[in-house]
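Trainee: Can you keep this structure in mind? I'll have questions shortly.
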Amino acid sequence: MAPVHGDDCKLETSAVSDSGSFVASRARREKKSKKGRQEALERLKKAKAGEKYKYEVEDLTSVYEEVDEEQYSKLVQARQDDDWIVDDDGIGYVEDGREIFDDDLEDDALDTCGEGSDGKAHRKDRKDVKKPSVTKPNNIKAMFIASAGKKTTDKTVDLSKDDLLGDILQDLNTETPQIAPPPVLIPKKKRSTGASPNPFSVHTATAVPSGKIASPVSRKEPPLTPVPLKRAEFAGDLAQPECPEDEQESGVIEFEDGDFDEPMDTEEVDEEEPVTAKIWDQESEPVEGVKHEADPETGTTSFLDSFLPDVSCWDIDQKDENSFLLQEVQVDSNHLPLVKGADDEQVFQFYWLDAYEDPYNQPGVVFLFGKVWVESAKTHVSCCVMVKNIERTLYFLPREMKIDLNTGKETATPITMKDVYEEFDSKISAKYKIMKFKSKIVEKNYAFEIPDVPEKSEYLEVRYSAEVPQLPQNLKGETFSHVFGTNTSSLELFLMNRKIKGPCWLEVKNPQLLNQPISWCKFEAMALKPDLVNVIKDVSPPPLVVMSFSMKTMQNVQNHQHEIIAMAALVHHNFPLDKAPPKPPFQTHFCVVSKPKDCIFPCAFKEVIKKKNMEVEVAATERTLLGFFLAKVHKLDPDILVGHNICGFELEVLLQRINECKVPFWSKIGRLRRSNMPKLGSRSGFGERNATCGRMICDVEISVKELIHCKSYHLSELVQQILKTERIVIPTENIRNMYSEPSHLLYLLEHIWKDARFILQIMCELNVLPLALQITNIAGNIMSRTLMGGRSERNEFLLLHAFYENNYIVPDKQIFRKPQQKPGDEDEEIDGDTNKYKKGRKKAAYAGGLVLDPKVGFYDKFILLLDFNSLYPSIIQEFNICFTTVQRVASETLKATEDEEQEQIPELPDPNLDMGILPREIRKLVERRKQVKQLMKQQDLNPDLVLQYDIRQKALKLTANSMYGCLGFSYSRFYAKPLAALVTYKGREILMHTKEMVQKMNLEVIYGDTDSIMINTNSTNLEEVFKLGNKVKNEVNKLYKLLEIDIDGVFKSLLLLKKKKYAALVVEPTSDGNYITKQELKGLDIVRRDWCDLAKDTGNFVIGQILSDQSRDTIVENIQKRLIEIGENVLNGSVPVSQFEINKALTKDPQDYPDKKSLPHVHVALWINSQGGRKVKAGDTVSYVICQDGSNLPATQRAYAPEQLQKQDNLAIDTQYYLAQQIHPVVARICEPIDGIDAVLIALWLGLDSTQFRVHQYHKDEENDALLGGPAQLTDEEKYKDCEKFKCLCPSCGTENIYDNVFEGSGMDMEPSLNRCSNIDCKASPATFMVQLSNKLIMDIRRCIKKYYDGWLICEEPTCRNRIRRLPLHFSRNGPLCPACMKAVLRPEYSDKSLYTQLCFYRYIFDADCALEKLPEHEKDKLKKQFFTPRVLQDYRKVKNIAEHFLSWSG
């Protein structure tokens, strides 16, 4: 709308009269005055006469007010602050302060980029403004006016959802500038010195010094509108120079490249609004007319002080961040920063960090991303180098004789290399449309598992363009038997041929500029062939830009999708890879918050942010938030994105939401420009990793798993274990309530900001990046893959480099399809017994390490532990075991022998052979580590250098120790089962030989495992123990060149329970000649995560007591007191809930388990995923508690997440479960070798029913009986102690009499058990009721027999106790596997031995003849005379015969 003249205004307002009549108010023709006509005729005459026409200029009143620049700025600011819309219902109509003619500029800009197919520009959708209602006149005039005033309106079109238009606009944005600005370095405006690096810290405003004028408001930026972007802006500028004049000239800012460091204007926008992303104005005043119920400043402060933690209490060095001057670099991307190379020619030198290839869309092309030095700016900036024309390289192995492919039979025609060439040229190239190729004859070596391939032979090497599809892997011809290299990737060929081992400096000769931008990097170059790229050695790496970020999501209750509501990031712009991590680990930060769709921001939230001087951007919608984050990522250009669970959850959610919200230029999350987002949600995370190519992902969860062992890898646990501090967890269901008050929302943002800092601190504490760089340089793979874990790939690349350098053909990659995993595969071995296999677990491919049978018991004398240093790598070196040296059986023959019991072990190589490649590579690693450790011992070393050396030696050790793994890993590219079997065979042989040697020295070996042995010294003198250890060490080491055994430790006392399970007090000598002890646990329940903390603490107490120097009686007494106390505490509810939490890891995604209900951790994991906030997946640890919920379900189906227990009143901790199946088994197993403590006693002390533990005790006693030579050596009392006593009611008084022997009493008071009733007042004798007694015995015997034939089986695992009658199909060597726990075997609840013993017991208690024979003669005579008359003896024999009768049936 243009400015309106004053007279026109009057005409417009008087156009309609008050009468409302159309006729009366219609415009009339006005009569012209006569004077006017005369003047006009006069002018016409003069014109005809030839006189010049003189134009008379009338004086017009100006419609514009002229002001200076300062006044104009104030006027615009006043307009912005003025809320001039009355009662807009909060819909967010905005006045941005610009003049009306500014809209024309904006519309013109839209016309240039948003013109549709009809040639008309689509204008921006605008919000409807609520206006006062006006009564419509009911006359014909209103109809005419309305129809005349209508304009045709175009249908609203969402430009952001038009992918084709987006691609066109992206191409338009890449115009080449005519004049490129020179590279300049512009310092960014400094923040105030009082600002804290924490955006949530509260500071009092400082007074402005005199002489300086404080600006009352900060500069406002115009709204963000997409416009065509010049090439210089796109590829060079991270941000525009902060000059107001330049900004006013440009008028608009392009969304994705805007400078987001300053506060930005925003208002609420429609979710469907496609064009502009706006950010709330942090500096604007609150909307007038809104009444606040409480003072926001006072309320926030008091709430934060009383409840919410304050980040300002952290030890933050404010000077470090405040002194950092962010340098924004402008570069001319049309002129590459070339330098002089080794040959004095201009080359492009850069440090490569990451590589990417797209074999389907751009075959034969590799993108290298890294950093390049810009001399004019004195800094490193990002760059992308496109390496083209990487050819496929194939090797054809010629046959000896030509074969007929139809029949498969050989002919008599010998083959020459020319025949191979002709077959490829005439048949293969034509069939697979290879129009152009190169070939030559080469000599290559081969040393792998394909049979009938010679060790050395001539091959036909064929090279052709990668744009032609690859040949089949199993291709065979008449003249050639094998083709190698069909599926080798372009990236692998490039890295191997150019000998590039991990991130390093590269130089590109003859670099070419690209016509169209392919990346978001500052510089882009192209190498037309891979030979133009060369390695520059021994130059230190440049500093990188590292961004740590954290985000908070909420699940939409309608569509159950995760929506991002807030993000925080910390950035360090010069993070070194070869020095100690910087302190603090970040220099700048940003935070952005949005809101769920069904929430509103708290009242005066912006005002609180403003008053507290917080750097928080407020986004009206999730789309705005995501756009802001992408713009920030593009501007800051981080090389590494750091997060926790970023690969398993956050990155997938982030990309899904970007895609869902149609945020433009999604690919800025990485460095490669792409329009189509890769497929997300795959289990391998392949699409998510590809989306960020060029920016490495560092997931601290993955890194920590490789470096340290934790109970779980949740962020809270890592913060506690590594940073030794506490992290507060905000439940997902509480997030929505955080939007009720500004203080609550600020606390949420503070929490997210803290998480980002925790993540960064964990990364620095473990030196994740320097270690990953060193490992990558050693292995020669890609650093982004190293950060993702996976040792197999690192070993693969290390061997690939080694075999390529030695002119070997390497094995092709195989595509493996893992078989469907069966239920129960996720569980571990039972009690470490390698003979017990899990359900569905196939037999081991080859025998592993030897584990000697332990001599179970408690040792209170010094135990010596000897250990071979790096046993398997040392064996490989000692015996020269390699692909190239060991003769293996052909794979067909090997498969035929796989099912046989006897394992085929290849012979050792000839000692005179040259060292193979595998032992040579391991020796290199070992020797390099020794050199680095020697360097570390130098005096006066720089601390940074010491750290660098330490990281390098750790990387060398990790790599060397994992080398053996690639031989035995069936999915490895270098899998060689015979070699792995030979290594483990020699390991078993060496351990057994060492044991025999020690025994010959008259020493007792009590245990041994793979590479270590334990020796009982029977000494209490530590000095003598070390002398003895050195003696054994010297004797063993004499036998080998490279194998070394060493003293690994001395135990003061040892509790050896079974294989791989022991507890010990380790001796650590001190400088003063004494020693201290430290407790060490191996394989016990209390070191496993799937036991609750209460059980672990109890187990630790018991072990501490057993290992102490106290007497046995004191130890038993202390354990008894402690268990009684724990039982009472659990029943009283005085134990915190956290002590009951059980942690168990998922081996696959929760939805992939077939029996979800019976696995408690899977059941809880599914519930967690359904709630939103986080997603648990394979490899994650799930915490749960077993509760009483009023149902009769088994304990495994009554598992709940801890937060469920807190929220649901009907849930309570199942105390019986924790006492019987958590605490009892742990303590019982530890106390098993201790005299005076058994499972029944432990149950009694814990307040449990001891009868349910007698079955387990009985089976243990059966095993002990077998060891002792059977029941023959046991007394009657021992033999029948667990039998059910015979009970019979007295017919006279009804008292229950219990019989367990022929006699009652002892000595002089001995009498027959049937002589009198146990009731003193009853005078009747049971011997007079023999018929009733006989009938009761028959009924009891029948009941026992029925119990046996019921066939109930019970799991012998105390934590399971599953009862089942159906015999399962899965068996181990020890019996049928329990289908519930899949860990232990099932035993008969009432075995045949139990029945037989019970029947023998019934016979025994009535066998008077046998009982009398065992008595001394004088006692026997006395009893016969007094009690055992012939009639009584006859009665006893009758009852005994009943038992004899049933025993005769048992066979």
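Just so it is clear, glycine is given a Cβ too, placed from its N, Cα and C backbone atoms.
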Trainee: Swiss-Prot lists motif 'CysB motif' for one of the ranges 59-85, 221-247, 1355-1381; which is that range?
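Mentor: Feature motif 'CysB motif' in Swiss-Prot: residues 1355-1381.
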Trainee: Identify which of the binding-site residues Cys1378, Cys1381 has its Cβ surrounded by the largest number of other Cβ atoms within 10 Å, counting every protein chain shown.
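Mentor: Selected residue: Cys1378.
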Trainee: Mind giving me a neighbour count for Thr413 (phosphothreonine)? Other Cβ atoms within 10 Å of its Cβ, every protein chain shown.
Mentor: 13
Trainee: What is the nearest of the recorded positions Thr413, Cys1355, Cys1360, Cys1378 to Lys977 (N6-succinyllysine), using the Cα of each?
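Mentor: Closest candidate to Lys977 (N6-succinyllysine), judged by Cα separation, is Cys1378.
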Trainee: So if I measure Cβ to Cβ from Cys1355 (Zn(2+) 2 binding site) and keep only same-chain residues at least 6 apart in sequence, which ones fall under 8 Å?
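Mentor: Once residues fewer than 6 apart are set aside, Cys1355 (Zn(2+) 2 binding site) is near Arg1361, Asn1362, Arg1363, Cys1378, Ala1380, Cys1381, Ala1384, Val1385, Leu1386, Arg1387.
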Trainee: By DSSP assignment, list the helix, strand and coil residue numbers for the region 'DNA-binding' (657-722), in that order.
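Mentor: Summed by class, the stretch gives 30 helix, 5 strand, 31 coil.
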Trainee: I'm trying to understand the geometry here, so how far is the Cα atom of Cys1360 (Zn(2+) 2 binding site) from the Cα atom of Thr413 (phosphothreonine), in Å to the nearest whole number?
Mentor: 70
Trainee: Across all chains shown, how many C-beta atoms besides its own are within 10 angstroms of the C-beta of Lys977 (N6-succinyllysine)?
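Mentor: There are 19 of them.
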Trainee: Within 10 angstroms of the C-beta of Cys1360 (Zn(2+) 2 binding site), what count of other C-beta atoms is obtained when all protein chains are considered?
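Mentor: I get 21 for this one.
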